[in-house]
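Relevant sequence annotations retrieved from TrEMBL are reproduced here:
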DOMAIN    85-211  domain 'Phosphatidic acid phosphatase type 2/haloperoxidase'
TRANSMEM  55-72  transmembrane segment
TRANSMEM  84-101  transmembrane segment
TRANSMEM  141-159  transmembrane segment
TRANSMEM  166-183  transmembrane segment
TRANSMEM  195-213  transmembrane segment
Amino acid sequence: MLLPLAGLGLLLVWAGPLGGDPWLADRLYAWEGHAWSLRDAWITDTVIHVAGRNLNVAVWVVLLACWLLACLPPSRRWALRRPLGYLLLATLVSCLAVSWIKSWSNMDCPWDLLRYGGRKAFVGLIELRPLGMGRGRCFPAGHASGGYAWMASYFFLLAVAPRWRWLGLGTGVALGLVFGISQQLRGAHFLSHDLYTAGICWLVSLTLYLAILRPPADPRRAARSGGGTP
């Protein structure tokens, strides 16, 4: 379950210290005609950004209604109460965690930078910003969190329908990629912003799974495998 974080770590090394962020952003910026031509495009702004966010909220509200129904008799629905509660909490906490970090991280979007037609010099995450430069509110990637948060579906389905768990994971990753790539095309984020968001969402989902959904250890199985008390 920690293997995805190792993969993200390798990608972050490339995106950060090895210069992958500006390398990719330079090519997207040049491909769009040395301007963020897709910043206000219908597909990236209206459909993927605005409608995608609204659809995300709508799905969450529907799941909330399903959870409330699962809390009511008959008891056969109660089996879904804890998994649905986990999914609601994991997706919400993932998005809130990213939003909270974004509120104080103080980094700019690519479209703000001189290199890409903006008015600000690049200032790294742990560098001091010059006085009067103004705050940055672009790290990590907020919109992508609305997609990557649904990686929690992997753990939800692991609890209720294990054979479908990879579909749940793939759905979350696909949504995160669509939301994230769209925002990169608009000039709103570097690749590393999305990678950090994916890592935060996975950590939140994994931590809450271990706290809420992970089945208790079977002492008999542990004894058979040699894990019992000698």
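Every residue gets a Cβ built from N, Cα and C, even glycine.
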For the domain 'Phosphatidic acid phosphatase type 2/haloperoxidase' (85-211), provide the mean pLDDT of the predicted model.
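Taking every residue of the domain 'Phosphatidic acid phosphatase type 2/haloperoxidase' (85-211) together, the mean pLDDT is 96.
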Among 55-72, 84-101, 141-159, 195-213, which stretch has the highest count of C-beta pairs below 8 Å with the transmembrane segment (166-183)?
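By Cβ pairs under 8 Å, 141-159 leads among 55-72, 84-101, 141-159, 195-213.
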Output the single range from 55-72, 84-101, 141-159 maximising the number of Cβ pairs under 8 Å to the transmembrane segment (195-213).
141-159
Taking DSSP states H, G and I as helix and E and B as strand, how many residues of the domain 'Phosphatidic acid phosphatase type 2/haloperoxidase' (85-211) are helix, strand and coil?
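The counts are 92 helix, 2 strand, 33 coil.
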Same chain, outside the transmembrane segment (141-159) by at least 6, Cβ under 8 Å from its Cβ: which residues?
49, 52-53, 56, 82-84, 86-87, 90-92, 94-95, 98-99, 102, 165-169, 171-180, 182-183, 188-189, 193-194, 196-198, 200-202, 204-206, 208-209, 213
